[in-house]
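Asker: Please read through the structure below; I'll follow up with questions.
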Amino acid sequence: MGTAAGDGGHPLGAAAAEHKVNLTAQRPFAEVLRTGLAETFFPDDPFRGFGSLPPAERAWGGLKYFVPALEWAPRYTLGKFKYDLLAGVTIASLAIPQGISYAKLANLPPIIGLYSSFVPPLLYAVFGSSNNLAVGTVAAASLLLASIVEAEVPRDDNPELYLQIFYTAAFFTGVIQTALGVFRLGLIVDFLSRSTITGFMGGTAAIIILQQLKGMLGMKHFTSKTDVVSVVRSIFLYRDEWRWQSAVLGVGFLLFLLLSKQLRKKRPNLFWVSAIAPFMVVIIGGIFAFLVKGNEHGIPIVGDLKKGINPLSISQLTFKGKHVNTAVKAGFLSGILALAEGIAVGRSLALIKNEQIDGNKEMIAFGIMNIAGSCTSCYLTTGPFSKSAVNFHAGCRTPMSNVVMSVCIMLVLLFLAPLFKYTPLVALSSIIVVAMIGLIKVKEFLHLYRVDKFDFCICMVAFVGVVFFTMVIGLGASIGLSVIRALLHVARPTTCKLGSMAGGEIFCDVRHYPHARNIPNVLVLQLGSPIYFVNAGYLRERILRWVEDEESVSKADGQDLQYVILDLGGVSSIDNTGIGMLGEVHKSLDRKGVTVALTNPRLEVTEKLVLSGFIRDKVGKEWVFLTVKDAITACRYGLQRSRGKQEDSEV
């Protein structure tokens, strides 16, 4: 085994380390499986503490977990309701113009946008875990859905089927989101990195802004494609439809909305001004269009809006024919995107209040409200950032603010909906443009470029893919690049050589700390990732290359490399191929007369190294240490004994 210590006893001899690595700990397979599944699917351990409770209390606790309203509703007070009432009315004033605008963006009847702000918020108030999230439709998902469905069923050819596919897509979105939450598969959403979302949202915002030129210029015909070339070509192809009246009115609305946003930045306590500004644009624009008969003078209007709450649409869900695949595709992609946005918004706002939200509970809540929404004439809803930020700044205390908003929308549907028929389309376009400007985060782009060039590339792939190709291509390419990067980190893990500092008490990467000293005759390598079949070959070659380089340096100094210490503290797991790789490394070094020592192996690694016989038959348990310092002390002890025996033989 190449034991330079010589006598087969502990290499430290009388100075044996007081603390040794526990090589006898073995866990039953059932425990290993249970622990692995728990860490994978229940990292937050939501049911901890339930075991000591009586059965009735356990059942009640489980019910409260899945229905968070049972947790906060019994403690609800009039004092909290005052804040939630103000917040609910404020976000309702934003939900009306946004609902109509985003429905138009998805090429849906405007009333569908109002329907989608009535039923889903009620359900989220019961099943949602965030006190700050405000539920509604979002621009990015609206455009993504429209681009997927329009490619299969053009709206102008069959508007009824087009709407049915939207409802069906919302149903599949709800099923997928609920399943992800129930089976604790939120890790799938983690594949949407922050860089991907930033680039995708920025690219989508840029395209949406360009598309709003249709409304800003009062055009009636436009392309259904979303790439920038098609959009720009369409703008100039139908330039004979441009209406200066709409353009002038649009510029005025834009200036008003932008000034309200600037006012909020300079005077945060006046946030409500920017919150109600879109609603004021709708009201002012509607009155103006009514007085001047705008529809007859180059200012197109929304048109008739039916009075009444959501009609049932369960009979319009379509699960037959070739269109089901389109609905599933649209539902899956938009659903994952909506989850990523909604959960990210909820978590960011919760951190400010030092609160916590459960991502899996949020998935279940989103899923339930989208399933119910698909049966009540709604399309996809989630937690949009703009509305949630307004809800937060308005001082919301609980999800009751969503109930207040829903009641306000109900009153609008029952009594006021027909009044919005005169809303100019240019007003809706102005609202969307101002909302989208904030999604193009140039500062974030520059930050990514400074901090991580690869993350910047992932972001730009999403941005360019969305702008010049399609939203699906941009999102897919960026996710693919992110996955490739993650695989590269696994397949090509970082290894480093450690040197001593502070008199041998601390050991650091010599590239990071060039003044760290080499240990004579000893090479210390730190392995910092799981050892699997995918990286075992690379690690073998890398370790042997480190050894060759160290041998060259040692010979130049008139010394020989006699020990290689592998620090396994960062190796969280190992498979059979990895164990075989360590055996090959040990065999190669043993031929050179170099002893291998291991330090700080984790329980998961130790179990397999012991069961495979690697420690017993190759390294020897006397060469497994808790710390690098202990291992180096053993190496020095072995060197001293070797030199002593050599001197005795010479005498």
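For all residues, glycine too, the Cβ spot is worked out from N, Cα and C.
Residues or ranges marked as transmembrane segment in TrEMBL: 108-126, 133-149, 161-183, 195-213, 242-259, 271-292, 363-382, 403-420, 426-442, 454-484. Here TrEMBL flags 512-635 as domain 'STAS'.
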Asker: What else in the chain is close to the transmembrane segment (271-292), if you only count residues 6 or more beyond its ends and a Cβ gap under 8 Å?
Answerer: 90-91, 93-94, 96-98, 100, 249, 253, 256-257, 260-261, 263-264, 299, 301, 390, 393-394, 419-420, 422-424, 426-428, 430-431, 434
Asker: Please determine whether the transmembrane segment (242-259) and the transmembrane segment (133-149) are in contact (criterion: at least three Cβ-Cβ distances under 8 Å, sequence separation 6 or more).
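Answerer: Result for the transmembrane segment (242-259) with the transmembrane segment (133-149) is no.
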Asker: Could you check whether the transmembrane segment (403-420) packs against the transmembrane segment (161-183) - three or more CB pairs closer than 8 Å, residues at least 6 apart in sequence?
Answerer: no
Asker: Might you confirm whether the transmembrane segment (108-126) is in contact with the transmembrane segment (195-213), defined here as three or more C-beta pairs under 8 A between residues 6 or more apart in sequence?
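Answerer: Contact between the transmembrane segment (108-126) and the transmembrane segment (195-213): absent, because fewer than 3 Cβ pairs are under 8 Å.
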Asker: At a C-beta cut-off of under 8 Å, are there same-chain residues at least 6 beyond the transmembrane segment (108-126) that contact it? List them, or none.
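Answerer: For the transmembrane segment (108-126), the sequence-distant neighbours (Cβ-Cβ under 8 Å, at least 6 residues beyond its ends) are 67-69, 92, 95-96, 98-102, 133-137, 163, 166, 302-303, 305-306, 309-310, 365-366, 368-370, 372-373, 376-379, 381, 399-400, 402-403, 405-406, 409-410, 412-413, 417, 420, 423.
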Asker: Do you know the DSSP helix, strand and coil residue counts for the domain 'STAS' (512-635)?
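Answerer: Its residues divide into 66 helix, 22 strand, 36 coil.
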